[in-house]
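Here's the structure, in structure tokens; my notes come after.
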Amino acid sequence: MNERDILGTQLVRRNDELALLYEKIKILQSTLHKGEAQYDQRLEDIRLLKLEIKRLRQEKALLSRSMTNMTDLKQEVFHLERDLTKEKLKCRALEEELQNPLNVHRWRKLEVDIRYI
């Protein structure tokens, strides 16, 4: 009977150890599933970030092209403003000469031409 009790207690102890191991396995599996879910979430985050990087690169390329156009447009505006300033100076000089004519006959001829316009 003594040997039977010893085997019984060993069996109970082994069953308790087994139950404890199964509980540890459940906890580890749960942790593993949570880790897999987080890993999948990080993969999705990486995919979205790659798409965002691609979109931003395209936007950057677009902006770079428009910057080149802006440089050309700024140069064109500069040249047009310079031409406009020259024309304003010519008009001002002609107006001053009209008020104080140096060559009266030439201005008479111009006045006649302006009346017909």
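Placement of Cβ uses the backbone N, Cα and C atoms for every residue, glycine included.
Unlike curated entries, TrEMBL annotations are predicted automatically.
As given in TrEMBL:
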DOMAIN    2-65  domain 'Cilia- and flagella-associated protein 58 central coiled coil'
COILED    39-97  coiled coil
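Here the domain 'Cilia- and flagella-associated protein 58 central coiled coil' (2-65) is broken down by DSSP into helix, strand and coil counts: 64 helix, 0 strand, 0 coil.
Taken together, the residues of the domain 'Cilia- and flagella-associated protein 58 central coiled coil' (2-65) have an average pLDDT of 95.
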